[in-house]
2 protein chains.
Amino acid sequence: MAEFDLIAALRARTRHARDDVRLGIGDDAALLQPAPGMQLVACTDTLNAGVHFPAATAPQAIGWKALAVNLSDLAAMGAEPAWALLALSLPQADAAFVEALADGLARLAAQHGVALVGGDTTRGPLSLTVTALGQIAAGAALLRSGAQVGDVVLVTGTLGDAAAGLEIAQRASQGGVDAHAAWLRQRLDYPAPRVAAGLALRGLATACIDLSDGLLADLGHLCAASGVGAEVELDALPLSPALRASVPIAQAQAWALGGGDDYELCFCVAPAQVDPALARVQAAGVAARVIGRIVATPGVRVRDAQGRDYAPVRRGYEHFA
Amino acid sequence: MAEFDLIAALRARTRHARDDVRLGIGDDAALLQPAPGMQLVACTDTLNAGVHFPAATAPQAIGWKALAVNLSDLAAMGAEPAWALLALSLPQADAAFVEALADGLARLAAQHGVALVGGDTTRGPLSLTVTALGQIAAGAALLRSGAQVGDVVLVTGTLGDAAAGLEIAQRASQGGVDAHAAWLRQRLDYPAPRVAAGLALRGLATACIDLSDGLLADLGHLCAASGVGAEVELDALPLSPALRASVPIAQAQAWALGGGDDYELCFCVAPAQVDPALARVQAAGVAARVIGRIVATPGVRVRDAQGRDYAPVRRGYEHFA
C-alpha cells in the first residue's frame, strides 16, 4: 500500500502550517492547541465511489469534495475551520491518483486555512472519510433547533445545480457539454462550503443547516429540531441562469427542492433581521434570498404563485434537451 | 438507509454523557468544550471488511475494534480519551447488525469514559472510520521521536496472539475450537487499548508507539522517527500461555515479531527508569517486559539466546497442529 506516499503527498501540500498544530502527520496522533475558551466543533462525513460521486469523477474533485462536505457542516454551525483528518481507502496503490486527490483537498484546505493533521490509508473500495474540526466561542454556534414561528427562511446561492450536474455526469459519455453544463458539473464536483456566510450569521440566524440532502429534506430536519414547520414559495427558489437555460422550469424547481449536494446554507432570522442578514451574507461573498417563513404547523409545504400546494414532478420526468 | 436508526442506536447507548459535550449527535456538528490549557489529541483509523477483519466477524467485535484501534493510538500518545465520531458505510440497512455494532462500540466507550458525539451513515461496502479525540497537558505527550541510544525497549502484554487469532478465524469452518483458540480469537476481535498504561508512562517513557502492524514494523517506525536503531532479544518476547500451547515456538516468535493487530504499547525508557516503568504499568493493569535496547545503528535487529541474528520463519510455514 502507498500509505507513506499519501502522507508524503499531503505533507508536501500542507506547508501552510498553523501555529496551533503542535504535531501534525507522522505520529500516532496529532497534537493541536485549541484557542483559550473556545468550543471545539467536530463532524465527519464519508464519500463512497459510485454512491456519493460518479466513479469517473476526477481525483482532484474527489479530494476537494471530501473536505468540502465537512467544511459545509462547520459552516452551518457558524464555526471557523481549523484542522482536518483524512481516512482514505483505495483499491490499489496509484501515486498519480493519490497526488491528484491530495491536490484537490489541499487546494480547498488552503482557501480556508485548514491544516491536514492526520489520517489513515488502507486497502479497500475507494472511500474517503474526512473529519473536520473547527472552533467557535461558547454560545455562538448556529443550531438547527432555534427557529421560531414567524422567522423568515433564507438560502444562500442557487439550488438544484448539483442535481443537474449529476445528470450531466451520468450522460457525459453521450457527447460534448456546453458552457452551462460545464458550470453545473463544477457545482457538483467542487462545491463551495459557505464558511464565510456561516461566520457572518453568528448572532443573527436563529437556526441554520447545510443543504446536503435537498432543501425539502434538510429544511424538514431543521423544522423537526425546532418543533416548527415551514412554508416555501416555489417562485422564490434561487435558480442559476445555467440551470434555467438547461432544463424546463418544472425540472429546475424539482431539483432545487429535492436534489442533493448543493451545500448551500438554509437559515432562519427574525423578520427585522432579514436586511442585515442579506447584507452580511452578501459581504461574505455569496447572495442569499428569502424563500419562505416558519409556521407552527409541522412539516414543510411549498406553495406556487397562486397559493396552491406544489405537486412535485417525478424525478427524471424531464431530461436535458 | 437506516441513518436515523444508527443515530438512535448510538444515542441510546451513550447516556453516560460527559459534561464537556455541549451538543452531541443530531446537529450538523458536535460542540465540545476542551479543558482549559490542554492540547487536543486527534487520530482516525478505518476498518474495512475483509481487509481489517474477517467478513464473518461478529458485529459487536467490529464496533468494539473500530474504536479500540483509535483509542490505542491515543494511548500511545499518553492521552486521555474524551470523544469519538463514527462514519459507517453499510451495504444495506440492517437494524440488528447496526444495534449489535453500536453495542460493541458503546461498551468500550463506556469503559474509557468516551462520548460518541457524531457520525455519518452511508451506503457502501462495510467500513468503519472512527475519529478519536483526547486531551493531554502541553508537553506531556509521548512521541515516537524521543528514543535515545542506551534506552531500554519494553512492551506491554503479550505479542502474536492476534495473528494466531486471525489464523483461527480463517480456519473456523474446519471444526471446533478449544479454550486457547477462543482466547486468541478474543485477542484479535476485542483488543484492549492500553490507555491506562499510556497515561502511566507520561514523564517516564522517552518514546512510545502502539503495535498495529507488528513489532518489527512499528518499532522500526519509532526508531526511524528517533534517528536510532534497536536490538531485540528473541527469547524476551512476551508470549501468552495460549499461544505457546497452540503452535511451535518458532511460529509463536514469528507472529510476535511480524503479526499485526496486537495493540500493545512498545516504549522506551532510560535504564534507571525501567523499574519505575514496570511498576507503573503493572499498577495500570497490564504487565510489561523488557525486550531490548536502543542502539545507534539504524534498523531493528533480533538476536537469539546465542547472540545470532534471527532468521524469521516464513509466515504460514507452521500451522496449528
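The backbone N, Cα and C atoms fix where each Cβ goes, glycine too.
TrEMBL does not curate its annotations; it predicts them automatically.
Same-site candidate for Mg(2+) 3 binding, as annotated by TrEMBL with A:D28, A:D210, chosen from A:D73, A:D161, A:D261: A:D73. Using CA atoms as reference points, the binding-site residues A:D28, A:H52, A:R144, A:S212, A:D261 were checked against A:D120 (Mg(2+) 1 binding site), and the closest is A:D28. By a Cβ separation below 8 angstroms, chain B lies close to these of the binding-site residues A:D45, A:S212, A:D213, A:D261: A:D45.
Cα-Cα distances to A:T44 (Mg(2+) 1 binding site) place A:D73 within 10 Å, out of the binding-site residues A:D28, A:H52, A:D73, A:G119, A:R144, A:D261. Listed in sequence order, the residues of the same chain lying 6 or more apart from A:R144 (ATP binding site) and placing their CB within less than 8 Å of its CB are A:A207, A:C208, A:I209, A:H221, A:L222, A:A225, A:S226. Minimal Cβ crowding within 10 Å, among the binding-site residues A:D28, A:D73, A:D210, A:D213, A:D261, is found at A:D213. A:G119 (ATP binding site): 24 other CB atoms within 10 A of its CB, across all protein chains. Cα distances from A:G119 (ATP binding site) to the binding-site residues A:D73, A:D210, A:D261 are smallest for A:D73.
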